[in-house]
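Enquirer: Straight out of Swiss-Prot:
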type	residues	note
BINDING	His8, Glu56, His77, Glu124	divalent metal cation binding site
DOMAIN	5-128	domain 'VOC'
Amino acid sequence: MLLKSIHHIAIICSDYEKSKAFYVHKLGFQVIQETYREERGSYKLDLSLNGSYVIELFSFPDPPERQTRPEAAGLRHLAFTVGSLDKAVQELHEKGIETEPIRTDPLTGKRFTFFFDPDQLPLELYEQ
C-alpha cells in the first residue's frame, strides 16, 4: 500500500454554529459544502485551507465530551504551519483566541504554540 497524503480530518463538535464560526471566520477555512443530514439530525461541513480539502466538521445531537487528555494514547493534536508565528499569534489574540506561550522545539529549533477549538481540541501553530 502506498499512501499519498492525508485526505481529511473529521472533527465532531458539540455546538455546530460556534465551531463553524471558529474554523471559518476566525481561522480562515473556506466552506466547500454544507449538508444537513435530516435522518441524523446533524450537519456535515466540508472545509478547505488554501484550496486543499482538509476538515470534515460534524455535528451530532448530544455527542459525548472529549475524554482524552493531551498525553493520552491516540490523536493528540492538529498542527498547522505558519510563516510568522508572532503574526499568527497576534491575529489569534485579536480574534479573542488565547494561546499558550511560544516555545522552541529542541529537535528542530522551530517555534510553536498551542491553542484550542471550542471543544478544547488542541491545535498547534508551527513556524516554517
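Cβ atoms are placed via backbone N, Cα and C, with glycine included.
Looking at the shown structure, can you explain where the listed features end up?
Expert: When secondary structure is read from DSSP and collapsed to three states, Glu124 (divalent metal cation binding site) falls in the strand class. Over all protein chains present, the Cβ of Glu124 (divalent metal cation binding site) has 17 other Cβ atoms lying within 10 Å.
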